[in-house]
């Protein structure tokens, strides 16, 4: 027996999508703003985060359109959302590639690859979006306009979005695993040699990389329910599951927020914000916060690219 989403269910999904996309828009927009305002953040490592946040911000913006009427605006929302969401998870692969090339392969030419990164991300996103137009038959899926009703359209949508997505997840996971394994081995060697200075450097790297190891989980958490929902919709197109659509819409729309927290709010950003706030902080109040000067004088720790990059460049 066919089950379709009621008007009430569609309104709930639309409100959920708009609310979650707004949070992602604010989070990614904040990172874009920080990059624009703080000159000390304009290094190649954080530039990749800027491009990631910019893609997330535009993806969230077009998601916030909600449930537009059928016609030109429906198609526009579908294609722009597809383009910038694909670009978002592709930028995460460039970050993983840069980390692996620097830490594992000890290469210092990552900045020379920026043009190739742009061609790879924007070019692939454009190709996937154009191919997606084959068998295109847009319809509403409660909260956005990029779902398709025909079986051919659904298959192409899955191939042009979810296949590259899970390819990116596997690549990121494998890359971070190699980097963490290498630094684990370096740490054990340092312990064996009793090289205290090297032990400190290795532990600093590992503190950051232990966090990076969770980055692939962001994409998994954001799109796992969407993948399941697309597969279920392809197998049983006449049977919609509200709770699955609810999780699909909510987690996917929060991807930009998750990325902005994990990739963007690192030590460099927090330090830049703190230093600006401290300029306007009354001096008589600073004595009540003795940890402030200690924090300000800490040696800067990169949470995206190893400190060794700065020494090599």
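Every residue, even glycine, has its Cβ placed from backbone N, Cα and C.
Nobody curates TrEMBL annotations by hand; they come from automatic prediction.
Feature annotation from TrEMBL assigns domain 'G-protein coupled receptors family 2 profile 2' to 13-267. Per-residue confidence over the domain 'G-protein coupled receptors family 2 profile 2' (13-267) averages 83 (mean pLDDT, predicted model).
Among the features that TrEMBL reports, transmembrane segment is placed at 12-36 (among others). Sequence-distant contacts of the transmembrane segment (12-36) (same chain, at least 6 residues past either end, Cβ-Cβ under 8 Å): 5, 42, 46-47, 49-50, 53-54, 56-57, 59-61, 63-64, 66-67, 141-144, 245-246, 249-250, 253-257, 259-261, 263-265, 269, 272-273.
Sequence-distant contacts of the transmembrane segment (48-66) (same chain, six or more residues past either end, CB-CB distance under 8 Å): 14, 17-18, 21-22, 24-25, 27-29, 31-32, 35, 73, 77, 80-81, 84-85, 87-88, 91-92, 94-95, 98, 117, 121, 143-145, 253, 255-256, 259-260, 263-264, 304. Annotation comment: TrEMBL describes 48-66 (among others) as transmembrane segment.
Annotation source TrEMBL lists transmembrane segment at 78-103 (among others).
Sequence annotations record features per position, and here TrEMBL assigns transmembrane segment to 115-135 (among others).
Among the features that TrEMBL reports, transmembrane segment is placed at 155-179 (among others). Counting same-chain residues at least six beyond the ends of the transmembrane segment (155-179), those with a Cβ under 8 angstroms from any Cβ of the stretch are 82, 85-86, 89-90, 92-93, 96-97, 99-100, 103-104, 124, 128-129, 131-132, 134-135, 146-148, 209, 212-213, 215-216, 219-220, 223, 226-227, 230-231, 234.
Positions annotated as transmembrane segment by TrEMBL: 212-229 (among others). Within its own chain, the transmembrane segment (212-229) has Cβ neighbours under 8 Å at 89, 92, 96, 99, 162, 165-166, 168-169, 172-173, 176-177, 179-180, 241, 244-245, 247-248, 251-252, 254-255, 258-259, 262-263, 303, counting only residues six or more beyond its boundaries.
As annotated by TrEMBL, transmembrane segment applies to 241-265 (among others).
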